[in-house]
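Here is the structure we will look at, set down as structure tokens.
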Amino acid sequence: MKIIRAKDYADMSRKAANIISAQVIMKPNCVLGLATGGTPVGAYAQLVDWYNKGDIDFSEVTTVNLDEYRGLPKEHPESYWSFMHRNLFDKVNIDPAKINLPDGTNPDAEDACAKYNQIIHAVGGIDLQLLGIGHDGHIGFNEPGEAFELETHCVDLTPETIEANKRFFDGNVDLVPKQAYTMGIKTIMQARKVLMVANGAGKAEIIKKAFFGPVTPEVPASILQMHPDFTLVGDEEALSLI
Ligand code: PGA
């Protein structure tokens with residue numbers, strides 16, 4: 001496990017974008033596992049900036065996103081499909097045919113998840129997986145208590161996650177989808193490199209627990225202690241307890 005200390009959110013975003021950019025430069029046809037949430041937005045903005053300056057080329061890159069809400073139309077502004085297009089895909093030269101997210105519009109959970117697993121296997125697995133971390137230690141939508149050996153599956157969001165995400169749905173918990181399709185911990189652990197971004201004092205406790213406490217399904221991110229190539233980029237506040 002490698003920990004990179006950043007001064008603040010902008011510095012964290014630039015350092016994370018640097019690692020992603022290095023991956024794309026070293027292997028132009030790489031598979032990037034991407035994440036949504038507030039934390040990676042700055043890293044995506046930095047990548048867009050470098051793309052506009054001609055410093056990075058996404059034309060051969062394949063992407064697989066971590067997760068998608070079940071039952072939300074793609075075009076809904078809070079679907080992860082929309083999030084990714086708004087923050088990255090619409091702004092760089094990525095080939096739309098190489099963009100992959102779980103199909104949240106497929107009501108057949110087993111089918112949707114099996115198809116997503118097939119896609120990940122067919123592209124040869126993930127070279128670099130980007131992750132945020134939830135306050136309860138979730139990664140993707142893998143909530144506390146989930147088995148470590150799962151691939152893509154359907155999950156019920158916990159009340160805490162629904163509460164944390166209501167800010168994106170007019171502050172109304174009733175509008176937040178209650179289920180999602182998510183890559184499992186097994187899928188994430190099979191990525192050749194894993195990069196986590198974390199910022200703000202609100203993440204300090206969970207960062208300490210996840211990476212300096214026992215490896216346990218009660219803290220899903222703690223399994224990353226066992227990953228052979230895991231890097232955490234955090235700002236001073238998020239790393240203040242370690
Ligand atoms: P955040 O979400 O980046 O919006 O804090 C992280 C997560 O829940 O994975």
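Cβ coordinates come from backbone N, Cα and C, glycine included.
TrEMBL has this to say about the protein:
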type	residues	note
ACT_SITE	D67	active site, proton acceptor
ACT_SITE	D136	active site, for ring-opening step
ACT_SITE	H138	active site, proton acceptor
ACT_SITE	E143	active site, for ring-opening step
DOMAIN	12-225	domain 'Glucosamine/galactosamine-6-phosphate isomerase'
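Feature map: TrEMBL annotations on the structure.
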residue: D67; record: active site, proton acceptor; DSSP (3 states): strand
residue: D136; record: active site, for ring-opening step; DSSP (3 states): coil
residue: E143; record: active site, for ring-opening step; DSSP (3 states): coil
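Around D67 (active site, proton acceptor), the same-chain residues six or more apart in sequence whose CB sits under 8 Å from its CB are T36, Y80, P102, G140, F141, A180, Y181, T182, M183, listed in sequence order. For the active-site residues D136, E143, the greatest number of Cβ atoms within 10 Å around a candidate Cβ is found at E143. For the pair formed by D136 (active site, for ring-opening step) and E143 (active site, for ring-opening step), distance between Cα atoms is given as 8 Å, rounded to the nearest Å. Non-local neighbourhood of H138 (active site, proton acceptor): P144, T158, T161, P220, A221, each in the same chain, at least six residues away, with C-beta under 8 Å from its C-beta.
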